[in-house]
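Here is what Swiss-Prot records for this protein:
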BINDING   N347, E425, Q426, D427  Ca(2+) 1 binding site
BINDING   E425, D427, Q437  Ca(2+) 2 binding site
COMPBIAS  42-63  compositional bias 'Low complexity'
DISULFID  C322-C383  disulfide bond
DOMAIN    292-494  domain 'Pentraxin (PTX)'
CARBOHYD  N42  N-linked glycosylation site
CARBOHYD  N216  N-linked glycosylation site
CARBOHYD  N463  N-linked glycosylation site
REGION    42-81  region 'Disordered'
REGION    162-183  region 'Disordered'
TOPO_DOM  24-500  topological domain 'Extracellular'
TRANSMEM  3-23  transmembrane segment
Amino acid sequence: MKFLAVLLAAGMLAFLGAVICIIASVPLAASPARALPGGADNASVASGAAASPGPQRSLSALHGAGGSAGPPALPGAPAASAHPLPPGPLFSRFLCTPLAAACPSGAQQGDAAGAAPGEREELLLLQSTAEQLRQTALQQEARIRADQDTIRELTGKLGRCESGLPRGLQGAGPRRDTMADGPWDSPALILELEDAVRALRDRIDRLEQELPARVNLSAAPAPVSAVPTGLHSKMDQLEGQLLAQVLALEKERVALSHSSRRQRQEVEKELDVLQGRVAELEHGSSAYSPPDAFKISIPIRNNYMYARVRKALPELYAFTACMWLRSRSSGTGQGTPFSYSVPGQANEIVLLEAGHEPMELLINDKVAQLPLSLKDNGWHHICIAWTTRDGLWSAYQDGELQGSGENLAAWHPIKPHGILILGQEQDTLGGRFDATQAFVGDIAQFNLWDHALTPAQVLGIANCTAPLLGNVLPWEDKLVEAFGGATKAAFDVCKGRAKA
């Protein structure tokens, strides 16, 4: 901007000089000369001017008072002092010519004063010089106008840039180097404008990337000043709402997964029940009469012969399990008459005699030794009663109480939906049998109640005077299935025991 100001001042000065020179080159109108006191030189000049021809008079006036007095007087002419002539008109001409090498000097002008062709050449030179000055003035005027247009354009652009600055930059503290108090080319202001323009460009690019294509096609363009704040606030609100919805959906998904798992388990249980009923319908009535008149026989010790109870057990806080057993082991332990496992606990309920150890009752992996003996290879009635309150237990053999105790898995309820296996001990849910812990012999009348039977009830079952079926699991042909070579055969325990 300093350069533009200097250029404008120089142009104005050049224009004024050219106008002055053009005005000075125009001949002035003739006016009568005024008599100057004591002006002998003026009188001589006037007489010389009157006596000389027109062209010569003009040249004399060109040279001025300090020049030649004119041509000598003719012979016989009266003296100037004796007969003074009346004062004639005086002519003056002021010329402004450039001091160029082509311009004739004063001596050359004096030599060519009396020659008409020399004066004509001088006039032509002066006219060409005046025309050059006029063209120069016109060029300067056009350049000044162009500079003014440029200044207006730059001022307009600067105003638009100021209007596009952020509000914080528009009103932050005193402003320096403005139109009124300083140059516009200060480095600080230029850097500030560049930063503002760069910030605006970045925000515009970011908005173009974030706006969806459908909004760009359908929505009307909003003002640039209103887009960033309103759009960013709406985007922040939408982001918060979406995050809350995502978290809610995640919680619902977890809850649905848990509920679906429970529902799947319930459906599987119902399917098991339905399969049992279908199997009952397919098989028709029981092959044994009465339905509990059968036994399960496991002839040899192995890990693949067993019987499985089809009915699932509920949650139990007390139980009594009674059965008829005849062991055919050779003195190396009676094995496992029955085992009940649930998910996460393979030894929920186990009746086991391993090796030369006494018979044991395991509940939730807690052990109690039972004073029972089955080594005579005969039929024996065994009953085990337990309650979760204080972990009380009782063991009966052939209707008589053999032992009792407490603190066996106290306050632990028997978990439901497990698998009940006859003849094998389970290391996992429903499998991984160990041949050394298998039962060898016959099992009959396995019944299960959800409470502890009284000693009188146990005695009535053992001597066949008051037979009683389990209310949780009765001994029925349709509920017991043999696998791996174990066999089911008709057997009336009271008659068979009498015969044995």
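Glycine too: its Cβ is placed from the backbone N, Cα and C atoms.
Since this is a predicted model, take the numbers as computed values, not measurements.
Sequence features annotated in Swiss-Prot and their locations in the structure.
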{"residue": "C322", "record": "disulfide bond", "Cβ neighbours (10 Å)": "23"}
{"residue": "N347", "record": "Ca(2+) 1 binding site", "Cβ neighbours (10 Å)": "19"}
{"residue": "C383", "record": "disulfide bond", "Cβ neighbours (10 Å)": "27"}
{"residue": "E425", "record": "Ca(2+) 1 binding site", "Cβ neighbours (10 Å)": "27"}
{"residue": "Q426", "record": "Ca(2+) 1 binding site", "Cβ neighbours (10 Å)": "24"}
{"residue": "D427", "record": "Ca(2+) 1 binding site", "Cβ neighbours (10 Å)": "14"}
{"residue": "Q437", "record": "Ca(2+) 2 binding site", "Cβ neighbours (10 Å)": "22"}
{"residue": "N463", "record": "N-linked glycosylation site", "Cβ neighbours (10 Å)": "12"}
I want the residues beyond E425, D427, Q437 whose C-beta is within 8 angstroms of the mean position of the Ca(2+) 2 site's C-beta atoms, in chain order.
T336, S339, L352, Q424, Q426, R432, F433, D434
List, by number or range, the same-chain residues at least 6 past the transmembrane segment (3-23) whose CB is under 8 A from its CB atoms?
96, 130, 133-134, 136-137, 140-141, 143-144, 147, 150-151
Quick one: Cα separation, Q426 (Ca(2+) 1 binding site) versus N463 (N-linked glycosylation site), in Å?
32
Beyond the listed site residues N347, E425, Q426, D427, identify every same-chain residue whose Cβ lies within 8 Å of the center of their Cβ atoms for the Ca(2+) 1 site.
T336, S339, S341, A346, V350, Q424, T428, R432, F433, D434, Q437
Relative to the Cα of Q437 (Ca(2+) 2 binding site), which of the recorded positions N347, D427, N463 has the closest Cα?
D427
Could you state the CA-to-CA distance between C322 (disulfide bond) and E425 (Ca(2+) 1 binding site) to the nearest Å?
18
Can you tell me the mean pLDDT for the domain 'Pentraxin (PTX)' (292-494)?
92
